[in-house]
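Colleague: Below is a structure I'd like to ask you about.
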C-alpha cells in the first residue's frame, strides 16, 4: 500500500499545521541507538486542563479508585484537594472585592482635585495594592498545589474492570492450544536460537539486558516488524516512524509517571544546556505511544470521528529490579523493537475503537499460530492513564506458563486533557478520547514463535504469514 503526501495530509485534516503534513513512507526500517543516563522528572511547561469539578463532586469515588489501583499516597491527597478547592474559592471571594475597590479608588484619585483628600486616597490605594499582591501570592501557591495534586490523580476506571491485584485478572478468551508437548527435548528460546541471540557481547558493549540478534533471528525480527506494519496498514492504520526522543513533560502528560523509584521506566537524557536558555529535558520513549500521542499536542481536530496511526520504533525501558529465570533472554530487555497502534476518537466511539484494537491483536496472534489468552486486567495493573486494559499473553512452552505480548488501553480524555487535544464538529466539541495497543512487541513474539514452532530436528517452522518476508519455511535449517 503506497501512502502519498496528499493522503497523509487528508488523514490528519486540519489537526496539524501545513508544514507538518508531508510524509515519506520508508519501506526499509532504520534504527538509531542512543546513549543515555537517568535523571529526575521536570514539571510540564504548559498547563493541562484538569477536571477539578469532577474530583470535588466525586471525592469518595476518586479516593476509592486510587486505593483500588494501589495508589495509597495519592488517595490520601483527595481530602486535601477538596480543602484546597474550598480555600481557593474563599480567597477569590475576598480577593475580587479588593480588586474592585482598588479600581474604584484609582478612578477617584483621577477625579479628585483636593490635595488632602487625594493624599488619603493614594495611601489607601497603596495599602490595597499591598493586600492584593499578598492575596495573589497566596492564591498562586494554592492554585499550584491544587494543580500538582490533581495532576497525579489517575484516570477513572470503567465498571467492567476487575478490582484487585494481578491475580484477579479475568480470562476473556483463549486462542488456540499448545502446539508443543513438554518432553525431555523441549528447548527454550536461547537454546533454540543458539548464537542468533548474543547477550554476552551486548553486555560488554551496552550492559545487562541488551542483545545482538544475528542471522536467522535478525531476519525473523525484521520479518515480524514488516508483517505487523503491513497488517496494520491493510486495516486502515496510517504508518508513522516517530522520534524515539521526546520531552519529559510530554511523557508525563501521557501518564508515564513513576509510582516509585523501582517502577521508574524512563531513561532521561543528561545533556548540556546553556544557563541562558531554559529548555525542557528529554527522554527515550518506552513505547511509540508517547511520540504518537504528541502528534495531537495542542491540536484541534475538525469534522472529527477518528484518526488511527501505527508507529514502529525502538523502545527503551529501565526495567529496574527485573531479574530471575522468567525474565532471562529476550523477555525483558532495555532496548527492543515495537510496533504500536494509537487512535484518537470521538468520545462516543472509544469503546468501539477499544474492541477494534483488541480484535486486531487477536487476529494478528492467530495468524502467527501462537497459543494465547486474552485477559481483562485488574485495577492494580492499570497505568495512570488507562481506564481499562486488556493483555494478550502467549503460551511459552519452556517456562510452562503465559507471558504478556500485547496490551490495549482506553485512556478516555486523560491524555487529551494533558496534551490539549480537542475536536470540533458542527454539533459538538470537547476533548478527544485516546487509545493505544501493541501491534507487535518483537522480542517476546520471537520467544513465542521459536518455542511454539520448534521441531524435533532443531529447526523452527516459520508461520506461513511470515514466509514471504523471511523467504524460508524453516529457521536454522542446514544448507
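Cβ coordinates come from backbone N, Cα and C, glycine included.
Note that the structure is predicted; figures quoted are calculated from it, not measured.
Below are the features listed in Swiss-Prot for this protein:
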TRANSIT   1-42  transit peptide
BINDING   287, 288, 289, 340, 438  L-serine binding site
BINDING   317, 318, 319, 404, 405, 406, 407  ATP binding site
Colleague: May I ask for the distance between residue 289 (L-serine binding site) and residue 317 (ATP binding site), taken between their Cα atoms and rounded to an integer number of Å?
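Modeller: So the alpha carbons of residue 289 (L-serine binding site) and residue 317 (ATP binding site) sit roughly 14 Å from each other.
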Colleague: On a count of neighbouring CB atoms within 10 A, which of the binding-site residues 289, 340, 404 is highest?
Modeller: 289
Colleague: In whole Å, note down how far the CA of residue 287 (L-serine binding site) lies from the CA of residue 318 (ATP binding site).
Modeller: 12
Colleague: Looking at ATP and its recorded binding residues 317, 318, 319, 404, 405, 406, 407, figure out the farthest C-alpha pair and report it in angstrom, whole number.
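Modeller: Across 317, 318, 319, 404, 405, 406, 407, the two farthest Cα atoms sit 19 Å apart.
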Colleague: Within the chain of residue 438 (L-serine binding site), which residues six or more apart in sequence place their C-beta under 8 angstroms from its C-beta?
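Modeller: For residue 438 (L-serine binding site), the qualifying residues are 338, 339, 340, 341, 361, 405, 406, 407, 408.
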Colleague: Does anything in the same chain, at least 6 positions from residue 317 (ATP binding site), have a Cβ under 8 Å from its Cβ, and if so what?
Modeller: 265, 267, 286, 333, 334
Colleague: Taking DSSP as the reference, which of helix, strand or coil describes residue 287 (L-serine binding site)?
Modeller: coil
Colleague: Enumerate the residues of the same chain, 287, 288, 289, 340, 438 excluded, that satisfy the criterion Cβ within 8 A of the mean position of the Cβ atoms of the recorded L-serine site; list them in sequence order.
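Modeller: Once 287, 288, 289, 340, 438 are set aside, the remaining close residues are 290, 292, 311, 313, 315, 338, 339, 341, 342, 436, 437.
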Colleague: Provide, as an integer number of angstrom, the distance between the C-alpha atoms of residue 287 (L-serine binding site) and residue 404 (ATP binding site).
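Modeller: Each residue's Cα considered, residue 287 (L-serine binding site) and residue 404 (ATP binding site) end up 15 Å apart.
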Colleague: DSSP three-state call for residue 404 (ATP binding site): helix, strand or coil?
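Modeller: In three-state terms, residue 404 (ATP binding site) counts as strand.
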Colleague: In Å, rounded, how far does the Cα of residue 404 (ATP binding site) sit from the Cα of residue 288 (L-serine binding site)?
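Modeller: Cα to Cα, residue 404 (ATP binding site) and residue 288 (L-serine binding site) are separated by 18 Å.
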